[in-house]
Amino acid sequence: MLRHVFLFLSQNKTLTKFAKAYGTRLGARRFVAGDTIESAVKTVKRLNRSGLCATIDYLGEYAASEKEANQVAEECKKAIQAIAEHQLDSELSLKLTSIGLDLSEELALTHLRAILSVAKQYDVAVTIDMEDYSHYEQTLSIYRQCKQEFEKLGTVIQAYLYRAAEDIKKMRDLKPNLRLVKGAYKESAAVAFPDKRGTDLHFQSLIKLQLLSGNYTAVATHDDDIIKFTKQLVAEHRIPASQFEFQMLYGIRPERQKELAKEGYRMRVYVPYGTDWFSYFMRRIAERPANAAFVLKGILKK
């Protein structure tokens with residue numbers, strides 16, 4: 001029940017506007033690396049010193065105007081340049097709705113290609129985040145178009161979707177770099193597993209499918225059972241460490257992140273920054289409602 005409440009709140013535009021004005025003091029600092037690229041760089045440097053790599057994400061989705069989409073696109077280019085300038089072990093992640101997908105596919109494609117051009121210039125990899133199901137087909141279509149132009153481009157497949165395995169198979173000709181996740185949006189039972197067990201079993205089958213195809217696989221999870229499954233799979237099939245990595249979110253299980261890195265696994269931390277943090281934060285609380293305590297602490301400190 002709480003999960004559905006927080007997912008509903010994540011889509012509330014009034015609350016998003018209020019939270020943006022109030023700042024990350026509402027407990028979000030645990031999960032967000034600050035408002036600026038400078039704060040994100042500082043965070044990633046600290047992670048790199050601990051043996052962790054990163055993917056930087058400028059928070060924002062559902063751009064309501066070309067001006068907003070243009071601003072996010074420019075910030076993405078700025079982030080790429082910062083990654084190169086500071087020699088960070090980091091990639092860039094972005095959401096297509098943040099660069100205008102809801103306004104027009106042409107606008108989003110134009111911005112994405114411009115961002116990828118800068119990324120290619122600085123040799124920085126980029127991952128297109130997957131959003132809710134209403135944007136699923138467009139995201140895969142745009143990924144297919146741009147993957148052929150930019151080799152170091154990845155995208156995300158959500159394990160809670162019934163169709164995920166078929167979509168991975170359809171992409172094999174692209175040799176896709178995929179981040180596999182459980183999925184964090186509220187979706188209908190018509191398209192997504194409604195229960196954790198179904199999602200987890202499907203997640204394991206997707207990891208196996210992607211890894212055994214020989215394509216790069218990022219297993220994005222905080223679940224020890226999924227981590228254990230992946231470790232056993234790569235050991236059994238002698239899959240090289242260069243073909244996969246684990247990913248976790250900034251602020252969640254930081255000690256486990258360090259443990260995996262010390263064990264010799266490539267461990268990437270998803271590092272978001274920016275003022276448009278509310279929707280992201282609500283989805284993190286929906287995944288683990290106990291995190292709501294940090295909201296209360298943030299308010300009580302005022």
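Keep in mind that glycine also has a Cβ here, set from the backbone N, Cα and C atoms.
Binding of FAD is attributed by Swiss-Prot to Gln158, Lys182, Gly183, Ala184, Thr221, His222, and the same site annotation extends, among Met130, Met267, to Met130. Thr221 (FAD binding site) sits 19 Å from Lys95 (substrate binding site), taking the CA atoms of both as reference points.
All chains included, 21 other C-beta atoms sit within 10 angstroms of the C-beta of Gly183 (FAD binding site). Spatial neighbours are here defined as Cα atoms within 10 angstroms of one another, and by that definition Asp129 (active site) has no neighbours among the binding-site residues Lys182, Ala184, His222.
Figure note: comparing Cβ neighbours within 10 Å for the binding-site residues Gln158, Thr221, the maximum is reached by Gln158. Cβ neighbour count for His222 (FAD binding site) (all protein chains, 10 Å cutoff from its Cβ): 17.
Ala184 (FAD binding site) sits 14 Å from Lys95 (substrate binding site), counting Cα to Cα. Recorded residues Lys95 (substrate binding site) and Met130 (FAD binding site) have their alpha carbons 7 Å apart, per Cα-Cα distance.
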